[in-house]
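Over in Swiss-Prot, the protein carries these features:
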type	residues	note
DOMAIN	6-242	domain 'ABC transporter'
BINDING	Gly40, Arg41, Asn42, Gly43, Cys44, Gly45, Lys46, Thr47	ATP binding site
Amino acid sequence: MQQSLLTFEQVYYTYPGTQQSVLNGITLQIPQGKRCALIGRNGCGKTTLFSLANGLYKPQQGRVYWQEKALQYDRKNLMQLRQKVGLVFQNPEQQLVASTVEEDISYGLCNLGLPIADIQQRVTQALVEFELTELAERPVHHLSLGQKKRVSLADVMVLRPELLLLDEPTAYLDRPQSRNLMAMLNKIYKSGTTILMASHDLDLVYCWSDWVFVMDAGRLILEGKPEDIFSQREILDSIELGLPPIYEIFITEELATKEHNSENFRRRILQFFC
């Protein structure tokens, strides 16, 4: 049986000062060892779900579990949770807190009280892995958006989380920057980290993910393998998501039949687009 890292059980959440719930009894399990994607139109509750997963918010009803243990919201347990569950915001400005790149990456480690030698070793390794060595002493406000996103990713990964949450990681990046970031995410995944990524880029979701969650109005309405999710055209159209253009190509019979082997055709298209 597939083990889940993080489980939401009948979770409700309403922001203070509002009456409408953002999450409406959502139940969801994030499977260990998978590249997961979360899709849904704006306002469906994706970002709120991430904030609950990281312990930034606490459910008003329902429970959140880490490896079958209910989350505890005292300071000690939240610090432990945030080492295990890393969260990268869509806007990197929300989590860049120090003066230079090197200082920013070391910030979380210093808060953990690790020995200086360990901090230096981890920071040096992160600078190399995220191609930031030449930027180590540069002020973070002098960086490009793509560089800031890499720093925010390094900030989280230096803590060695088991689960990485990413809110629209490729938003506002050009194609080369997106490819570079996705290559880094693939390395992170291959090193053993489970990933859950929220994205409006349905082509990326179809190409990259092993498992897809579909949210609408604060609820989970579909989950499954990408090919199974995107076969549900009627449901996806009803919530204004539609299908990935690349998937539309795959299901166009006229194109598929031009290849003797439709699987070879699929691989060629994936290589071109992804």
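Cβ atoms are placed via backbone N, Cα and C, with glycine included.
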What is the Cβ neighbour count of Thr47 (ATP binding site) at a 10 Å cut-off, with all protein chains included? 17
If I restrict to non-local contacts, at least six residues apart, and a C-beta distance under 8 angstroms, what lies near Lys46 (ATP binding site) in its own chain? Leu38, Gly40, Asp167, Ala198, Met215
Within 10 angstroms of the C-beta of Arg41 (ATP binding site), what count of other C-beta atoms is obtained when all protein chains are considered? 13
With every protein chain in view, what's the tally of Cβ atoms within 10 Å of the Cβ of Asn42 (ATP binding site), excluding that atom itself? 8
